[in-house]
Amino acid sequence: MDTSEPQESPKSLSNVKHIILILSGKGGVGKSSVTTQTALTLVNKGFNTGVLDIDLTGPSLPRMFGVETKQVHQSSAGWVPVSVYNNGQEKNEENKRGNLSLMSLGFLIGNRNSSVVWRGPKKTAMIRQFLKDVVWSGGENNVPLDYLLIDTPPGTSDEHIAIAEELRWANPDGAIIVTTPQQVATADVRKEINFCKKVNFDVLGVVENMSGFICPHCSECTNIFSSGGGKELSEKLDLQFLGNIPIDPSFVEMVEMQDNDQNDGKKKLVDLYDDCELKGIMEGIVDKVLEQQHPARF
């Protein structure tokens with residue numbers, strides 16, 4: 001695998017209009033959940049969306065989208081991502097969803113219980129290959145991908161340097177920073193924001209995840225942890241605060257229901273998400289990102 005520093009944008013991204021990274025200062029803040037729901041929201045808004053899961057230590061997105069048994073295919077042009085949702089119909093007012101595809105190391109390691117015990121050079125080489133060799137398109141007709149979300153490892157490491165080097169010429173829109181309300185999480189987020197400044201990634205905004213708990217019985221939201229840490233950090237650093245996302249047990253149930261026998265119609269997460277309490281919250285967060293109107297890459 002090639003480990004040399006690139007001098008141009010990866011050709012695999014030439015079919016992608018917008019690139020957004022999802023970053024977190026530390027693990028366990030629900031970054032992959034935010035990535036999943038951001039993708040679902042974009043699809044429901046009619047955008048053809050791709051998700052690149054390069055969190056090599058915990059590639060959980062195949063499980064989140066209910067496609068962990070699917071296989072990645074190799075074409076003459078490169079790896080073909082797994083189709084999570086294919087609208088397959090002409091868009092209209094009643095049917096405006098986009099398509100959704102996913103590429104993840106989880107498809108390549110076979111056993112979901114296997115751990116990835118790799119040294120830094122092998123990790124960075126795999127990340128470079130993911131960014132250069134995946135053939136992104138918005139469906140079977142090779143239409144452009146409107147948005148590519150890149151779910152990154154937590155913290156700042158060699159993997160992040162490799163990501164920054166590969167995307168140096170790709171002109172990404174920027175990064176969404178995910179934190180939880182606690183001070184220990186927001187302190188690490190400062191490091192992530194400093195990293196973005198050093199590698200010239202715009203910070204699109206901060207999301208405070210796990211901000212409260214939605215009762216599954218009465219739907220009332222209770223602050224079981226501290227709250228407001230993400231908003232306070234945003235104000236101090238003059239960044240846009242995108243919103244609070246509470247813990248919603250129903251979303252976890254929807255993820256698990258995809259493989260459940262009770263799911264008679266075998267609904268995908270895209271369909272199940274219509275009934276999620278978090279849907280409206282995520283629409284507000286995504287709208288704030290879209291309102292920034294970053295120009296398309298082509």
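The backbone N, Cα and C atoms fix where each Cβ goes, glycine too.
Record features (Swiss-Prot):
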BINDING   GLY25, LYS26, GLY27, GLY28, VAL29, GLY30, LYS31, SER32  ATP binding site
BINDING   CYS215, CYS218  [4Fe-4S] cluster binding site
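Cβ contacts within 10 Å of VAL29 (ATP binding site), excluding its own Cβ and spanning all protein chains shown: 25. Sorted by the number of other CB atoms within 10 A, the binding-site residues LYS26, LYS31 start with LYS26, the lowest. For CYS215 ([4Fe-4S] cluster binding site), the same-chain residues lying six or more positions away in sequence with a CB closer than 8 A to its CB are CYS221, THR222. Other Cβ atoms within 10 Å of the Cβ of GLY30 (ATP binding site), summed over all protein chains shown, number 19.
Apart from GLY25, LYS26, GLY27, GLY28, VAL29, GLY30, LYS31, SER32, the residues listed for ATP, the same chain places the Cβ atoms of SER24, PRO154, VAL178, THR180, ALA185, ASN209 within 8 Å of the centroid of those Cβ atoms. Between VAL29 (ATP binding site) and CYS218 ([4Fe-4S] cluster binding site), the C-alpha separation comes to 25 Å. When the C-alpha distances from CYS218 ([4Fe-4S] cluster binding site) to the binding-site residues GLY25, LYS26, GLY28, GLY30, SER32 are tabulated, the minimum falls on GLY30.
Of all Cβ atoms in the protein chains displayed, 14 besides its own lie within 10 Å of the Cβ of GLY27 (ATP binding site). For the binding-site residues GLY25, GLY28, SER32, CYS218, the ranking by surrounding Cβ atoms (within 10 Å, all protein chains) places GLY25 first.
When secondary structure is read from DSSP and collapsed to three states, CYS215 ([4Fe-4S] cluster binding site) falls in the coil class.
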